Every structure is written in C-alpha cells, then in structure tokens.
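**Student:** For reference, the structure I am asking about is given below.
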Amino acid sequence: MADKSGAYGSKASDTDFRKTWDKEEYAERAKKKDQEEKERMQENEERMKQGKRPRKGRRDDLPKPTELMKQREGPLELEKNLGKTMVVQNLSGKGPGQPGFHCETCNRTYKDSVGYLDHINSRAHLRALGQTTKLERSTLAQVQARIAYLREKTKEASSAKAFDFKQRLAEVKAKEVALREQRKAVKRIEKEKARLELIKDTGMNEDGDMAQLMGFGGFGSSKK
Amino acid sequence: MANTTVIGALAIHGQNPQFLVETVIRNRIYESNYWKEHCFALTAESLIDKAIEMRYIGGVYGNQRPTQFLCLVLKLLQIQPEKEILVEYLRADEFKYLRALAAFYIRMTFRAVDVYELLEPLLKDYGKLRLRDMSGYSLTYMDEFVYSLLTEERVCDIILPRLAKRQVLEENGDIGPRKSRLLDALEEVSVLPGEKAEGGVPFGAVERHRMLDPDMCQGVVRDRGLVQDLLSVHAVVASRPTGWK
C-alpha cells in the first residue's frame, strides 16, 4: 500500500493523540531562563569577588522593609472552622479556597496550623508585609501608662461586678410592685369595659325585642 | 526572627540570656502553639497584657508542655527589658502573676545584691498563686514562691543561676542586714517593760515562736519571711541573754 491511511480512511498516525508543543514559545522561554541564570551567575561572581555570599534563588523585587516587627492585630482564629465540613470551592489546587490555611500576602496554602504559624512568623512573610525582623523597644513611660490603663480597666470591671445586695433587692421589689399595680390597673379597666358592654348589650337587646314585638325594628328599609 | 535574642542584648552570666532555659525545655517552648501564636513580637509593653491573662505559674505539665508562664519568662529573656521596667512590673501589686513573672526573671538575671533587695519585700505579699506541674494544680502563695526563688536551685523546672548567700554579701558589706518586721515589733515590747512579752507581737507570732526549730517550721509555718525573722531573733537573744527581756 502506498498511502498510509487507516481502515476507515483517516489520516491519523499512531502518535497523534499526543500533545503538540509550540516549540518556538518554549525555545523562547528556555532562552530567557538561561539569560536570567547567566545574569545571576555574573552577579554572584561579582559578589564572590567582594567576599559576599552568592545569591541562591531569583531576586524578588520587593521594596526595602520600612516598619519594625509588629504584633498581629486581632486573634488568628485558627480554630474557627474546627469540626466543620466545608465544600472546596477551588479545585485548581492553587490560591484561596483550598482546604487548609491560606496566606493572602504570600499566596500560599498550608495544610496545618503549625506550618501556617511558622510561615506567618517567618522572615519571608514579614518581608512581604514590609517589616524588618527588628523589634521595637518599649520605654518605661509606655510601660507605666499601660499598667495604669489596665489598672483602671480592671477596676471598672470589678466595680461593675460588685453591687449592693440590699439596694438590688429593694430595686427588684419596687419593680415587682410596679408590675403588679400595672396588671391590676389593666384588669380593672377590662372589667369596667366588660361591665359597660354588658349593660349596653342588654339594653340594646331589650329594645330590639320590644321593637320586634311592636312591629318596627331598626331604621333600615322595610322592603324585603 | 521569632526566636532570636534581641540585637544588642547583654550576655547574662556569660552567655546568651535565652540559654538560661535548658535546651530541651527551650525547644519545647519554641514548638508550643502559645509561643508561636501569642508570644510573637511581644514588647515589654504588650507583654503585660499577656501576663495578666495568665491563670497559673509553673514549669512543664502533662506531656512536658510548657506553661504560659514559662513561655513569657523566655520572652522576657529574649527581649531583655530595662531594669526600671522590671521594677515597674514588680510594683504592680494587683497583677500578681505579672509580679511573679518579674520576680522569676529578676532572680534569673540580676546580681545577687539586687535580687535580695528587690525580692525580699515580696515576702510580705501573701497573695495566692495557682501552680501547675506534672501532678496537676496546687495552691501556693507569693511569699512561698519568692522564698523558694531565694533558697532553692530549681523552681518551675528551671535551674536557677547560683545566688551568693546573704550572709556572705553582708560580711562583704554589699548589703545591710535584713530589716525584720518582727524585730521592730519586739523592740516595741522591750520599750514597755510592764507588759507581757506576748502583748506586742503581731500576727500570732508567739504561736509560731514555739515552732522555732527550722525543721519543724518546714511546711507548718507558711510565712517564710517571718520564719527568717524568728531565726534572726533567736540569734539576737542568744547573743544578748541579759540585756533583753
């Protein structure tokens, strides 16, 4: 047979199911990578000459950290979703919505709280936040102010708890009496109303009966 | 970084201050969740909040888990606050756990003279403290805790640095003799010769006077400061048998 066609006339060859690669694009990428590596090596050579350690990875272009290391604002709430069953929204395997703890700043997901805690305390994460690893030193005045503030706060809390028992009893009693009075008043009004209604009703009914008997009832038309 | 000692910290007892906590316990602390979650980037100011939230003192418990107290001690060693700040912690008498923490840190890092001068006034503090150890919770008191800091070599599962004996320091003239509250009271008594000796001695000290033997005092008399007072009185009485009635 001269032409290579299949039994059903298709021209597909044996290995056509394989993915075809855009060779040019990948050649471009490889070239770029080589270029970067070359630059890194050159830079490392320079650094070695100056007696510095060579750089291992790519240089990330973050601005210089400006802040000192700061405490986290608010609790981490690591146990927020404890015991919950959740639907995984993101099936791609990257980014938020994966099971585990996600760090938005660094876009990384950790499978457990320990790994996550290690990450958010790490130098890399702090760097991404723009913080150095140096800690602020608090002064004596700050400490004194803090203690004074906490003293006031705890005093308030304790005074809120401590109350005069007798006064509280008296208050409760007064409230009860007032409530009873109110209920009584409501009942009295209702009774009065019922009484009036009864009087009215009986009066009306008597009138009606008499009128019926006499042959005239109401002001409506007599037509049927 | 999260676990390194602050830059510019002074060496204490010739080494990195964090090394005062033994390696095993120190690594346990570094691994503990409380350390990672709550002790990150604490300063001398924000540490107060954490110290107030503390509910017990102690070393390690259960499966060798470090208490919050121990974590905060290590944090103090790490950030090394100034001496004035530590004194300020000690002066906050309503926050007893902060006080206990400061006392412990002072015992670990300060010179012997400072330790005696700062901690001996705390022997008058009878506040209750909850102590957690391997066997569970137990009750102790601030004066007992301070007394153990001054006399024992292992408190809260940490080997304390050696402390020069008070007597030695007194002989060298570094510190004056200990001011005893009981001696003052006894002097008042001697001023009034007509009265009986028991009349002026406060705090039921006469009851305790019967138990002067230090072995008997162990575990019976709670007031460690008073025990020391009584012992010193004993010495005074022995040296002046005729002058004192």
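Every residue number used here counts from 1 along the chain in the order it is shown.
Cβ coordinates are placed from backbone N, Cα and C, and glycine is handled just like the others.
TrEMBL labels come from automatic prediction, so no person has curated them.
For reference, TrEMBL lists these features for the protein:
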type: COILED; residues: A:172-199; note: coiled coil
type: COMPBIAS; residues: A:13-49; note: compositional bias 'Basic and acidic residues'
type: COMPBIAS; residues: A:58-81; note: compositional bias 'Basic and acidic residues'
type: DOMAIN; residues: A:103-125; note: domain 'C2H2-type'
type: REGION; residues: A:1-81; note: region 'Disordered'
**Student:** What does the DSSP secondary structure composition of the compositional bias 'Basic and acidic residues' (A:58-81) look like, as residue counts for helix, strand and coil?
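**Tutor:** Per DSSP, the residues of the compositional bias 'Basic and acidic residues' (A:58-81) fall into 0 helix, 3 strand, 21 coil.
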**Student:** Reported in the order helix, strand, coil, what are the DSSP residue counts of the compositional bias 'Basic and acidic residues' (A:13-49)?
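**Tutor:** Summed over the compositional bias 'Basic and acidic residues' (A:13-49), the classes give 27 helix, 0 strand, 10 coil.
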**Student:** Could you tell me the mean pLDDT the prediction assigns to the domain 'C2H2-type' (A:103-125)?
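**Tutor:** Within the domain 'C2H2-type' (A:103-125), the model's average pLDDT equals 89.
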**Student:** Can you count helix, strand and coil residues in the domain 'C2H2-type' (A:103-125) using DSSP?
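**Tutor:** Summed over the domain 'C2H2-type' (A:103-125), the classes give 11 helix, 4 strand, 8 coil.
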